[in-house]
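According to TrEMBL:
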type     : residues : note
TRANSMEM : 83-107   : transmembrane segment
TRANSMEM : 119-141  : transmembrane segment
TRANSMEM : 181-206  : transmembrane segment
TRANSMEM : 218-236  : transmembrane segment
TRANSMEM : 256-277  : transmembrane segment
TRANSMEM : 297-319  : transmembrane segment
TRANSMEM : 339-360  : transmembrane segment
TRANSMEM : 381-399  : transmembrane segment
TRANSMEM : 411-430  : transmembrane segment
TRANSMEM : 458-480  : transmembrane segment
TRANSMEM : 486-505  : transmembrane segment
């Protein structure tokens, strides 16, 4: 009889208890610090990438650097800058930013704890609530969203690289024309830039999590250095008096500004909703939960506010220096009359985009797809499936059609809130923070997370109800009065509804009650 055959109880355990994580054996040939497999773990649910970690080594700085890599990107720059052009006073924008990022900070702490305690990634911890097989539902949904955004982010970075290349080598202009040198809707120059970034990202990913950790430790600070240099250059050109924290006219005052501020808060939370959902893929490496929380504090409220102020100062100075407001950092760098500055800036923001793409859209589908068939799909194979898929969807065509993005990605995105709500309700309210690690890796019908044939119907129903109510305003936003406003809060709607529905159903469900005994 293996340890998995021995009944285990969590009734008398304190909150936060993790059973079965202390007596693991190292997987054959797997490097120290990787996943370790206990005798008796079912191979249909296990490989070295999904198994609990034997050694958790990430410090608070590593988590801080992770968030810097996620925030310090062209997309982050444009998003932060857009908030200062909503017609609000600068102090109102800063309040909205602070509230929004504080919500993200606390939610990230909530989702980080179960994965850090058990040492397993997001799709594995989802087995506690969806069942050992049902966890593939959230894994596939999140994986598909990540693949699409991985392709789009890579394309946007390659388009930025095209701008710089054309600035440096004007003779390449004919090769940037799709009509003359194009295939599948992308120019020859575009293909070259896209594939270059695609290969660079794949190379960083292929070297494993330790190399990724070192890479993101460098990315975030490097962008800060270039951002401060760029800001200093513009101040030297325009003077301190040219700084204006309002990128547009202040059109909302008094109570009329409240809905706009709430919309800005929702935008901040929605922007981080993807990496927030699967943050367990990274918190599992944390040395302690305290280290994860400290890294989140530095990387989210502190870092995001500093970065946002730096963005708006830099963007506001482009008007007096270049004669027009520029909210794209790559285009700003390209306007500088210095080849060295252009190359340095372009390389830095390219590296930054690689950083965010890997942490937000490469690692998560790697774990997600590996979870579907652990013995056939390793973490590396899962990542490469995502990488190949990102090319096949031709993201440049997807990005060129906003309606397609709206009805596909935002529809899938409506599931992110419910998936978050269900996981949090189960771990904190239903299970009281107790996890039996062994049962995450067993197909035994007596396992705590077997439910009905490996699926927890309560979690599936709650997710479906939450997603349905979240997606309605997204789909009807352009045709029904009031729905556009509701669509801004789709994440909160889906999360809140799924949270409440799951809790009410789970506390009355016999199979869920049995899994707690």
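Using N, Cα and C of the backbone, Cβ positions are placed for all residues, glycine too.
Just going by CB pairs under 8 A, the stretch in 119-141, 256-277, 411-430, 458-480, 486-505 that sits most against the transmembrane segment (339-360) is 256-277. Stretch with the most C-beta contacts under 8 angstroms to the transmembrane segment (218-236), considering only 83-107, 181-206, 297-319: 297-319. With a cut-off of 8 Å between Cβ atoms, the residues of this chain six or more beyond the transmembrane segment (297-319) that come close are 60, 63-68, 70-72, 76-77, 80-81, 83-84, 90, 94, 97-98, 101-102, 104-105, 108, 220, 224, 227-228, 230-231, 234-235, 237-238, 242-247, 325-327, 329, 332, 335. Cβ atoms under 8 Å from those of the transmembrane segment (381-399) belong to residues 143, 146-148, 150-152, 154-156, 184-186, 190, 194, 198, 201-202, 205-206, 361-363, 365-370, 405 of the same chain, restricted to positions at least 6 beyond its ends.
The stretches the transmembrane segment (256-277) and the transmembrane segment (181-206) do not meet in space: the count of Cβ pairs below 8 angstroms, excluding pairs fewer than 6 apart in sequence, stays at fewer than three. When each of 181-206, 411-430, 458-480, 486-505 is scored by its Cβ pairs under 8 Å to the transmembrane segment (119-141), the top-ranked stretch turns out to be 411-430. Same-chain residues lying 6 or more positions outside the transmembrane segment (458-480) and placing a CB less than 8 Å from one of its CB atoms are 129-131, 134, 137-138, 406-407, 410-411, 413-415, 417-419, 421-422, 426, 486-487, 489-491, 493-499, 501-502, 505-506, 509, 511-512.
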